[in-house]
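Enquirer: Not my notes, these are from TrEMBL:
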type	residues	note
SIGNAL	1-25	signal peptide
REPEAT	387-420	repeat 'TPR'
REPEAT	425-458	repeat 'TPR'
REPEAT	494-527	repeat 'TPR'
REGION	587-654	region 'Disordered'
COMPBIAS	600-622	compositional bias 'Low complexity'
DOMAIN	654-703	domain 'LysM'
Amino acid sequence: MRRRITSKLLATAGLAGLLALSASAGFAKESGAEAGGGTETVTITSFSGAFLAARAAEADNDLASAIDFYKRALGYQPDNQTIRQSLLLTLIAEGRFDESLPYAESLKAVPEVERFSRLGLAVDALRKEKYVDAEGWLQLVLESDLDKLITVVMTSWAKVGQGEPDEALDDLDTLEGPDWYSLFLNYHRGLIAIQKDDDARVRDAFDAIITVPGAASAAPDTYMRAAEVYAAWLAGQGEKDEALETLDDAEKFITGRAATLMLREKINAGEKVEMPVSGVREGAAEILLNIATALNRGGGEPFVKLYLNYALALNPDSDDTVIQLASVAEQQGEPEKAIELYKRIKPGSPWRRLAELQTGLNLADLDRHTEAASFLDEAIKKEPDDMRAYLALGRVYAVQKDFASAAKVYDRAAEKLDDPQREDYQVFYQRGIAYERLKEWDKAEPNFHKALELYPDQPQVLNYLGYSWVDMDMNLKEGMELIRRAVELRPNDGYIVDSLGWAYYRLGNYEEASRELERAVSLRPEDPVLNDHLGDAYWRTGRKLEATFQWSHARDLDPEPDLLAEVETKLKEGLPDEEPRKIAEAGVTPEVKNDASNGAPQAQPEAPDPAAVPAKPETQAEPEPEAAPKEEPAPAPAQLEDKSEASAPGDMQDAYVVKRGDTLWSIAAEQLGDGERFREILSLNPALKRNPDLLRSGMEIRLPR
């Protein structure tokens, strides 16, 4: 299994649950179809053959072939609504919007698919400035909360096109819905107020966003876009200081975003700043882009592509939409398509540099490593102070296990850092990994310490350093403390939880290892290494049948050749006896002694793959090179209380279980009567104070009485 080194956009969890509402609308994958996809030749002689071939191609994400097969199927059954629905959605997802319109017209009265067919017809009407027609198309029979938000906001923009901005604002003001609506409604109130030249409403709408950063957790990209629009508007009003203060406030929430940085430079330089949303088409496209970025997390890519392609049909010059589509292509394992999309990013765009770097990483994903290295080396020469380029080039070498070349790249980067900042921790972290892989621990360890100096409590660095110590039988107690701390900070990161479990295993505490490794596998069930580790732990605790099952599962998950050979040997022979490890120094107790068994040498643990380490600090929200894979599965309930700071008996707090869609602001508003009291919640929950992104549905937190 070759791990891709390009990365996914940082995803947001707040709206992802709404994807379940879309499950019946299309993109259902059928298993068991023995039809070819991609470049394979398929002979079609019947409706069922065409249908199965289309489903197989769609399952392989070969949408072009799927479209051809669905059209063949329609040739046999022209009135088949199921095929028409699938063809409509596949055409839109493939970016063939105009071609989809006849199918949208034919399906406009079918409730099960009207949310997409009528939305497509509305998009077409808006781009033709047929605003009354657009309003009509946006009336749905079946409406989820998500559909209602989209249709009302787009209808409001249609009313702006008809010269009725007051009525448009009234529609937004009277729309009722879940709490997560507020960010989107305030944003589009502000945008429409700008069109109306209603300065007071502009300020009211955007101030309601900027002053409540906790409400942005559902859609951080939209929050930052709102801040950028407001700052650009303020700058246009001659309020330079206020514009820069707005960006300062926004960057307390997310730092390093390319569009924000470029806007700040322009404002500081006194340059004219163009408004990102300047008319009806751009405004209507904006809500589609907002929803797509909020939904963009693992598993939702087909629906994200629909909304992005609707947005692009309305606003084809939007680099923001193109960069998102490129990211989705990467998520779906389509580096060629991603490269083509990155080529569309215009010179002068804030995303141009990112597009260059991601192009280099996608070339590496195509195994064009020499070309990728040359491409990224040229990127370094263009901007020698941009650390992202060094990190990307280092990753290209690391994925080839050329750690000597990777180390040289990171050395070059470190030489450029006269005054390294928090975000530069990655340079030292990656350099530490490279030297550790070269067995030069004396050079590796200082880099991990430097990374933690720049970014204290960075979970990946804590995990790597702690595990390295345990693996080398040194600083065992400190090493376990670092790993436990990493797990506390990232309780739903399967790889970090695996490190804790495997550290227990290495120390001979097999019962505790089994518990942690079971949790790691529940978080990353598709990873063969984690399943192999759990099999080893089961074997050592006498659960040999379960061990065999886990090893068999690891074998079937397409592991690397070396691991596959080890797993197959274990399946034949089991594990050998193992001498007890030193555990007293680590402060843990082995609950089960070594199990006597015959078999092959034990598999050694794998250190974290440097290709899976982010090439961009995790505080950044734009699609920068980052960990692959990075998405977290649906989290299990977690307790974030810091036991070292437990309350005194006379100062108890109430417990609260976080619900889906909750934010710190909404919890404070609903439970404490004032959203501004979210700071009190942070003070009672130290782990959240260190990292508010840990807030998850099902989590129990403490509230003040």
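Note that the numbers count up from 1, one per residue, in the order the chain is shown.
Using N, Cα and C of the backbone, Cβ positions are placed for all residues, glycine too.
All TrEMBL annotations are machine predictions without curation.
A quick note: this is a predicted structure, and the numbers were derived from the prediction, not measured.
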Enquirer: Tally of helix, strand and coil residues over the repeat 'TPR' (387-420) according to DSSP?
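Expert: Split by secondary structure, the repeat 'TPR' (387-420) comes out as 26 helix, 0 strand, 8 coil.
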Enquirer: In this predicted model, what is the average pLDDT of the repeat 'TPR' (387-420)?
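Expert: Taking every residue of the repeat 'TPR' (387-420) together, the mean pLDDT is 97.
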Enquirer: How many of the residues that make up the repeat 'TPR' (425-458) does DSSP mark as helix, as strand and as coil?
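Expert: Split into helix, strand and coil, the repeat 'TPR' (425-458) gives 27 helix, 0 strand, 7 coil.
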